[in-house]
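Per TrEMBL, the features are:
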type	residues	note
ACT_SITE	E97	active site, proton acceptor
ACT_SITE	C351	active site, S-methylcysteine intermediate
BINDING	C117, C121, C124	[4Fe-4S] cluster binding site
BINDING	G171, E172, S203, S225, L226, H227, N308	S-adenosyl-L-methionine binding site
DOMAIN	103-346	domain 'Radical SAM core'
Amino acid sequence: MPDSVAPPVNLLDFDLDALTAWCATLGEKRFRAVQLFRWVHQKGESDFARMSDLAKSLRDKLASTAEVRPLKILTEQASADGTIKWLFDVGGGDAVEAVFIPEDDRGTLCVSSQAGCAVGCRFCSTGHQGFSRNLSTGEILAQLWFAEHHLRQRLNTPDRVISNVVMMGMGEPLQNYSALVPALRVMLDDHGYGLSRRRVTVSTSGVVPMIERLQHDCPVALAVSLHAPTDALRDPLVPLNRKYPLAELLAACRQYLAAAPRDFITFEYCMLDGVNDSPEQARQLIALVNGQAGAPRVPCKFNLIPFNPFPASGLLRSPRERVLAFAKILQDAGIVTTVRKTRGDDIDAACGQLAGEVQDRTQVHSRLTRPDVRPVIPITAAPPVQP
Ligand code: SF4
């Protein structure tokens, strides 16, 4: 019988401290780990033979023990507006997506943290697929590693292309905390991607204990998927609300700001026709964030998101006039409010849509559309056809 051979170590799994510790097991000092880290993340190099300032003996050791493991690309879709979406194979029939959104003054990459999601938000295509598994640190970073270096080649530039990362793709990042934090550290590390803390955003549906931990472990910008002004409405829209209701969530947000790189929380609010988009609900939101409804005041801005309909949701996008009227009520109360531009509509670049076509692992989609399962929110109109 041949000796079993250990699988190669994936260097994308390590932040700089972990890489330093691993290099020490090879008898190498920290400055070698820094060199290696820079080759991988700053130069996008995966061939150890080309890491010219490493000693030949180290390159040989690396070649026999380690690798930079990319994700296999299943599809790439490019929108007319410049948005690019990649669907990556993470094995076992699971796929995750990353979306690059270019703007005049920034390039944003939306990154996935899990294959599927256990939170099950009512309006989210990923939530309807159910949860498959957490991504590793290496799988989270492989999305950024690929996108950054692929885009540099494609745009023929030596300069950084991705200036902002939002952990807003598939999955609830704070339910994959132990893999998330090292990935964030690599994004922020000056020897890695060197992104500003203000330009790395973790988006959460409200995992309160992990918001508190993130504040201490790796404070970055925080976005919270709010979507409702009351617990009665948020419970069915974001089921995690039953565990961490609005008062606790807003208290955690306010506390987070003590260490956050920005002095406000971004509240994401998906505009659902006839569900959460009335003037009265806008006023309830103002009361909520201003601390008039029993919750503490939270400095914030709102990002109103036009819902991207998918048939299983049974929900519709709010008419544009209603979104603008809702925004105006918030703005008139002194709350900075933006309406998200829809990007990549022609490639379904909204969260979870393409991967949803690949797999519905837990059959949540079919369970939600069974005639004997009552929708948690009254459906007043026929589901729309996908744009
Ligand atoms: S919105 Fe986010 S947290 Fe909610 S189901 Fe979708 S991926 Fe999960």
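Note that Cβ sites are derived from N, Cα and C of the backbone, with glycine treated the same way.
Taking CA atoms as the reference points, the residue listed as 'active site, proton acceptor' and E172 (S-adenosyl-L-methionine binding site) are 14 Å apart. Within the set of binding-site residues (C117, C121, C124, L226), the lowest number of other Cβ atoms found within 10 Å of a Cβ is recorded at C121.
For the pair S225 (S-adenosyl-L-methionine binding site) and C121 ([4Fe-4S] cluster binding site), the Cα-Cα distance reads 10 Å. Proximity to ligand 1 (Cβ under 6 Å from any of its atoms) holds for these binding-site residues out of C121, S203, L226: C121.
Annotated pair G171 (S-adenosyl-L-methionine binding site) and C117 ([4Fe-4S] cluster binding site), C-alpha to C-alpha distance, rounded: 5 Å. The binding-site residues shown are E172, S203, L226, H227, N308; of these, the one with its CA atom nearest the CA of C124 ([4Fe-4S] cluster binding site) is N308. Taken together, the residues in the domain 'Radical SAM core' (103-346) have a mean pLDDT of 95 on the 0 to 100 scale. Note on E172 (S-adenosyl-L-methionine binding site): other Cβ atoms within 10 Å of its Cβ, all shown chains, come to 27. The local packing around E97 (active site, proton acceptor), expressed as other Cβ atoms within 10 Å of its Cβ over all shown chains, amounts to 27. Taking the Cβ of G171 (S-adenosyl-L-methionine binding site) as centre and 10 Å as the limit, one finds 30 other Cβ atoms among all the protein chains shown. Counted within 10 Å of its Cβ, the other Cβ atoms near N308 (S-adenosyl-L-methionine binding site) come to 22, all protein chains included.
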